[in-house]
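Student: Straight from TrEMBL, here's the annotation block:
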type	residues	note
TRANSMEM	6-22	transmembrane segment
TRANSMEM	34-53	transmembrane segment
TRANSMEM	65-88	transmembrane segment
TRANSMEM	95-119	transmembrane segment
TRANSMEM	125-146	transmembrane segment
TRANSMEM	167-187	transmembrane segment
TRANSMEM	199-217	transmembrane segment
TRANSMEM	229-250	transmembrane segment
TRANSMEM	256-276	transmembrane segment
TRANSMEM	288-308	transmembrane segment
Amino acid sequence: MLDILTIVGPIFLIIALGYTCVRGGLFPRQDMRVLGAFVINIALPAVLFRALLQRSFGEVMDPNYVAAYLAGSLLVFLLALGAARYLLKKNAQGCALVGMGAAMSNSAFVGFPVAWQLFGETAGVALALCMLVENLLLLPFVIALAESAGGQGASLRTVLGQTFLRLTRNPIVIAIVLGFAGSLAGLRLGGVPAKAVDMLATASAPVALFVIGGGLVGQKVRGMAGDLAAISLGKLVLHPLAVAAFVLVFPPADPALRSAAVVFAAAPMLTIYPIFGLKYGQEGMCSAALVVATLLSFVTLSVVLGFIA
């Protein structure tokens, strides 16, 4: 148990530090957007690029990992859709948001810092594969589902096309593509460029956790017990269980990747979840779910790490 606390404890101490600094006025809340942009646009792409270049393409591109993580995420997404429609009586956009909250992890800001302590550089490879599944497959589908149901006249195909076009300008996607290309070509970074990338990559995890904590300031948790219970149960319990089950069906070649997939699935939902909620008039539910799931993940991540250990 002590070993688990030494992994999870620092994660939530930095989250608490971010919350305290913003709550106490040391940092304005809007500064978290700037720090978050640094992580997403600079530090995290450096992590992905470095991790992919350090291994051969055969080691990096594990189809079984992608299949297991995608299958587990899709299963939970569909279960959440059904629960939102028939139990919570949500409209189509509300169903899409509940599914997103239950099946899309905060891989970059929570999953990666935890996995990094356990698996080292393998965590970067796992993160890249998770990002492939989430950014290129799950997120476009969820956005297209919500947009096409919004009554704005856009077809599913049109929305998917627009979403994929935006992804081509995403620094994370660009870093993954360049990293895979470099790995396939056998390239390796060295000297000054390698040192610069290492320094940027090192900043990713602590700054990301600080941003998570600061972003929780001002979020309200009132009512919506059914919504919060369904989303949190799906994200923190069903998602890691589903991914673990499919890892047994499609076992990745590297044993560390098998465990990493479950760790990433056990993370709370993505930080920008409330932003998607705001777009569809559901920001209250999404913000509250993010707070509740982030706090509860201290317990659920500890349980997952206990089983992995």
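Cβ coordinates are placed from backbone N, Cα and C, and glycine is handled just like the others.
Those TrEMBL annotations? Automatic predictions, nothing curated.
Worth saying up front: this structure is predicted, and the values here are computed from it rather than measured.
Could you tell me the structural context for the features on the list?
Tutor: Counting only same-chain residues 6+ beyond the ends of the transmembrane segment (34-53), those with a CB under 8 A from a CB of the stretch are 60, 108-109, 112, 121, 123-125, 127-128, 131, 171-172, 174-176, 178-180, 182-183, 187-189, 194, 197-198, 200-201, 203-204, 207-208, 210-211, 214-215, 271.
Here the transmembrane segment (65-88) has long-range neighbours at 94-96, 98-104, 126, 129-130, 132-134, 137-138, 142, 226-227, 230-231, 234, 238-239, 242-247, 249-252, 257, 261, 264-265, meaning same-chain residues at least 6 beyond its ends whose C-beta is under 8 angstroms from one of its own.
Sequence-distant contacts of the transmembrane segment (95-119) (same chain, at least 6 residues past either end, Cβ-Cβ under 8 Å): 7-8, 10-11, 39-40, 44, 47, 73-74, 76-81, 83-85, 88, 126-127, 130-131, 134, 138-139, 142, 145-146, 149, 172, 204-206, 208-209, 211-212, 227, 230-231, 233-235, 238-239, 256, 259-260, 263-271, 273, 276-277, 280, 282, 285-286, 289, 293-294, 297, 301, 305, 308.
Long-range contacts of the transmembrane segment (125-146) within its own chain (CB-CB distance under 8 A, at least 6 residues past either end) are made by residues 47-48, 51-52, 55, 59-60, 62, 65-66, 69-70, 73-74, 77, 92-93, 96-97, 99-100, 103-105, 107-108, 111-112, 115, 119, 156, 159-160, 163-164, 167, 170, 172-173, 176, 179, 256-257, 260-261, 264, 270, 276, 280.
Tertiary neighbourhood of the transmembrane segment (167-187): same-chain residues 40-42, 44-46, 48-53, 55-57, 60-61, 108, 128, 131-132, 135-136, 140, selected by CB-CB distance under 8 Å and a gap of 6+ residues from either end.
Proximity of distant same-chain residues to the transmembrane segment (199-217), defined by a Cβ-Cβ separation under 8 Å and at least 6 residues beyond the stretch ends, is recorded for 11, 14-23, 27, 29, 31-32, 35-36, 38-39, 42-44, 46-47, 50, 106, 108-110, 112-113, 116, 124, 271, 290-291, 294.
Counting only same-chain residues 6+ beyond the ends of the transmembrane segment (229-250), those with a CB under 8 A from a CB of the stretch are 64-65, 67-69, 71-73, 75-76, 79-80, 83-84, 87-88, 98, 101-103, 105, 258, 261-262, 264-266, 268-269, 285, 289, 292-293, 296-297, 300, 304.
Listed by sequence, the residues of this chain that lie at least six past the ends of the transmembrane segment (256-276) yet keep a Cβ under 8 A from its Cβ atoms are 36, 62, 65, 68-69, 72-73, 97, 100-102, 104-107, 109-112, 114-115, 118-119, 122-123, 125-127, 129-130, 134, 143, 146, 211-212, 215, 219, 231, 235-236, 239-240, 242-244, 247, 283, 286-287, 289-290, 293-294, 296-297, 300-301, 304-305, 308.
Under 8 Å from some Cβ of the transmembrane segment (288-308) lie the Cβ atoms of residues 1, 4-5, 7-8, 11-12, 15, 101, 110, 114, 118, 212, 216, 219-222, 224, 227-228, 231-232, 235-237, 240, 259, 262-263, 266-269, 271, 273-274, all in the same chain and six or more residues away from its ends.
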